[in-house]
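Working notes for the structure below.
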Amino acid sequence: MTKKSNDVILSVRGIQKSFGKQHVLRGVDFDVHRGEVVCLIGASGSGKTSLLRCMNLLMEPDQGEILIEGAPLFRRNGRERLRLSSSKVSAVRIKTGMVFQSFNLFPHRTALENIIEAPIVVKKVPRADAEAQARELLSRMGLPDAGNKYPSQLSGGQQQRVAIARALAMQPTIMLFDEPTSALDPELVGEVLAAIRQLAAEGMTMVIVTHEIGFAYELADRVVFMDQGVIAADGPPRELLLSGDNARLAAFVSRFTEQARLLSPLVAAADASSIATPSKDSKSWPT
Amino acid sequence: MNFDISLVLANWDLLAFGLLVTLKYTAYTCAIGLVIGLFVALLQLTPWLPLRLLGRVWVEFFRNIPLLVLLLWTYYALPIFLQIQISKEVAGILGLGFYASGFYAEILRAGVQSIDRGQTDAAVVLGMSYFQRMRRIILPQALRRMVPPLVGQTIMQLKNTTLLSVLTIPDLLYQAGYISSTTYRPMEVYTVIGILFILILFPLSALSRRFERREAA
């Protein structure tokens, strides 16, 4: 893909993080360029979610440096430490939009109120403008009629799409996704992946922690494999996922390819039937 | 057995006064308890350990001392320790108010802490400050959960005011004792005030129950 530019949006350097004796991040260097879609993969406990939460300082690293569009968000080198007021941190942090595994919508607010909350309270956008933007975002997420519904009245897939709209409402320059489909019923995964795919097509810069290897393979400009708190492999998905250079990565991927191989007769059968009956419009939104 | 309520009704003014005292002390001590309780709950919610410990000590002290002991100690022992004069009214209000604060503090703290951590994460990521997210995201959700236990504690508080009678504060129970000793009609008097307490408190607990059901729906 060629949409990647040399413009670095997010840069982390030498990130270290421990929980007690557990050293979850052991010196991670990582850059994201404008328009780039990076998928973070790795086994549970490899540090990928911790790394993502460090990127917008939701989790404070023990060591290292974080820059977002050149603005420092965190720096700590031994005892020397950059001191930022919480409003300064917040001003840099809101350049990132974040989507969580468990959605984390505000349950006492409707979908629309969830989306307009931060623009009104944090950015002081006039209510009418915020609502107009929210309605447009809901339409883009394929949920034009969900505005007045409470999160409990929406399916998991719908909630996650509202959560994406809520993050987009702050007009972030980079979106961070923390296993956005892991809490969903299997039949609802597709609609959320479709929404993310659409964002990628619009050129949004994204970092996605995911277990959907197929999705990473299809969508990512770059796949980063985390293992035991470090970046163990980093490259374009085709080269990275198909090469056997890194034994642990090969083992990690082989579980998915094994599954794909087992399912291949189904794929062949589905292909055969879709030739017989033309497939439905694949651009339409599942609901 | 001859249940004759006329002597009790003849003294209705004494009972009404007692009821007023009971309600007044309930209102005062609940207000004090809530204000101090909120402060102590906030202490316990800070990331700063010494403040958390201070809050913890306060809560454990007032939750584990029997109210009767606390009231008698405040009235009879505290003035000697501090070499000051404390009226029975002040002793009663302080004792009951501080006692309530320990329980209210725990309800408020637990209510806030029961809100999923992800709510804070989401609000932080959207750039909301501590006060913005407390006021707009955490507290509105927590308050709904707190209503039933807060009402329960307030019911307890009204019932606990009866202990003020040992400090000779003329609450409903004290007045009942007085009427009983002048009319020799304990059966009628104590029956009437028992029913009075139930009549006052039952609507409150029914209201709380209704609120709880509506929240669950």
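Every residue gets a Cβ built from N, Cα and C, even glycine.
What TrEMBL lists as domain 'ABC transmembrane type-1' is B:19-208.
Taken from TrEMBL, the feature transmembrane segment covers B:30-49 (among others). Residues 55-56, 58-59, 93-94, 96-109, 112-113, 154, 157 of the same chain lie 6 or more positions beyond the ends of the transmembrane segment (B:30-49) yet place their CB under 8 Å from a CB of it.
Feature annotation from TrEMBL assigns transmembrane segment to B:61-78 (among others). Counting only same-chain residues 6+ beyond the ends of the transmembrane segment (B:61-78), those with a CB under 8 A from a CB of the stretch are 86, 88, 91-92, 94-96, 98-99, 101-103, 106, 160, 163-164, 166-167.
Residues or ranges marked as transmembrane segment by TrEMBL: B:90-107 (among others).
Using a Cβ-Cβ cut-off under 8 Å and counting only residues 6 or more beyond its ends in the same chain, the transmembrane segment (B:189-207) has close neighbours at 5, 8, 15, 18-19, 151-152, 154-155, 158-159, 172-173, 176, 179-180, 183. The annotation transmembrane segment is assigned in TrEMBL to B:189-207 (among others).
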